[in-house]
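As structure tokens, the structure follows; a few thoughts come after it.
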Amino acid sequence: MKLTCMMIVAVLFLTAWIFITADNSRNGIENLPRMRRHEMKNPKASKLNKRGCREGGEFCGTLYEERCCSGWCFFVCV
């Protein structure tokens, strides 16, 4: 009985999740929250893209190090 109830709740939750996250081809990006819409129009504006990168003047190591925010490295981030 408990297992059946848990399965029903899980199926309802997953069904609701699918409808919430489904793409609406007519409205496109209009239904997304403002911040997410801005990040989709300009992916470089996302805070996640800058996570772990080093600012200019910090030690990085080798040329073209991906850890630099600018992407350029010559012992220090440029």
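Don't overthink the numbers, they just go from 1 along the chain as shown.
Positions of Cβ are set from backbone N, Cα and C atoms, glycine also.
Disulfide connectivity taken from Swiss-Prot links Cys73 to one of Cys53, Cys60, namely Cys60.
Among the candidates Cys5, Cys53, the disulfide partner that Swiss-Prot records for Cys69 is Cys53. Disulfide pairing as given by Swiss-Prot: among Cys5, Cys68, Cys77 connects to Cys68.
It is Cys53, among the disulfide-bonded residues Cys53, Cys60, Cys77, whose Cβ has the fewest other Cβ atoms within 10 Å in the structure shown. According to DSSP, Cys69 (disulfide bond) sits in a coil region rather than a helix or strand. Its own atom aside, the Cβ of Cys69 (disulfide bond) has 14 Cβ atoms within 10 angstroms in the protein chains shown.
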